[in-house]
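Participant: Below is the structure I would like to discuss, written out as structure tokens.
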Amino acid sequence: MRLPTLFMLAAIATASPMSDLNRREMTRRQAAESCPIGYCTQNGGTTGGTAGDTVTVTDLAGLTEAAENETPLTIIVSGAISGSAKIRVASDKTIYGETGSSITGVGFYIRRVSNVIMRNLKIGQVDADNGDAIGIDESTNVWVDHCDLSGDLSAGKDDLDGLLDITHGAEWITVSNTYFHDHWKGSLIGHSDSNEGEDLGHLHITYANNYWYNVNSRTPSIRFGTVHIINNYWDNLLLTGVNCRMDAQVLVQSSAFSNCPDEAIFFADSDYTGYAVVDDVDLGGSTNSVPEGTLTPSSLPYDAIEAIGSAQIATTIPGTAGQKL
């Protein structure tokens, strides 16, 4: 089985330089891609803004106006954008970062919408008043790919919110090739033990080919969801790894932990445990203490994702995850 197209494109993009004209053409082609991997291929698929026009934005005002526009749109972020804002992303959007672009202090709120792609974005230091770097709430069919999400460990734990939170029954989400780093709170799935009525039976999420480095906890923390984690690498976690809570069903495959505390796959801080099937995972001396679950590769509704193999994860994933397109 061949590697997914998005994985191969990352390798090609880093292998050789190209002219500005070719780079712009590559950017437009990649910004027009639909999600090919994981749960966001379900429910009709995730195409983002491909049905609409393409615009390039260079400042916060332009980015906000384009992202909140109610028509389908592909938005290409160029250069460095900074400020203090919470952008409410509308349905049928692709927001794609050019190589070298960055967004500082601005959170993206994807609430009660559908068909959104966030790709090749570098987002950092979002103040808690502006929410998560990316927050997905009551939304369907969202693809987060090749993003670089970071915070600031020198700040107080509650000064910044999560890097990527998925809550309130959101469905058909894929998080792929993303670099989570230098932050207190990584990724929270399901915000409360008391939200079973909304969350149970929803929160179908794939985490594929991601790199977690120097993150304190929530890598991810999962309540109620059905979550497939494959080809992920956790390095230098500060407190804990994958927290399986509140009847969550989790499948962890072809992944590795290095330089991490004892609790790699565990349960804590909820009324009752979740469950995990763990297949070809190098715990790096850490432990898995979660009861075995029922989510298996054969029960997944989408095409198989090629497993890199735990022995190759540490030398592969850091070179491909993040803003690498």
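Cβ atoms are placed via backbone N, Cα and C, with glycine included.
I grabbed these lines from Swiss-Prot:
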SIGNAL    1-15  signal peptide
BINDING   D132, D161, D165  Ca(2+) binding site
ACT_SITE  R218  active site
Participant: Starting from the Cβ of D132 (Ca(2+) binding site), draw a 10 Å sphere and report how many other Cβ atoms land inside it.
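Facilitator: Its Cβ shell of radius 10 Å holds 27 other Cβ atoms.
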Participant: So if I measure Cβ to Cβ from R218 (active site) and keep only same-chain residues at least 6 apart in sequence, which ones fall under 8 Å?
Facilitator: G162, K185, G186, S187, L188, N243
Participant: Are there residues of the same chain, six or more positions away from D161 (Ca(2+) binding site), whose CB falls under 8 angstroms from its CB, and which are they?
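Facilitator: G107, V126, A128, N130, G131, D132, A133, G135, K185 - these are the non-local Cβ neighbours of D161 (Ca(2+) binding site), listed in sequence order.
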Participant: Would you list, in sequence order, the residues of this chain other than D132, D161, D165 that have their CB within 8 A of the centroid of the site's CB atoms, where the site is the one recorded for Ca(2+)?
Facilitator: G107, G131, A133, I134, G135, G162, L163, L164, K185, L188
Participant: Give me the long-range Cβ neighbours of D165 (Ca(2+) binding site): same chain, 6+ apart, Cβ under 8 Å, in sequence order.
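Facilitator: The answer is D132, I134, G135, I136, D137, S187, L188, I189, H191.
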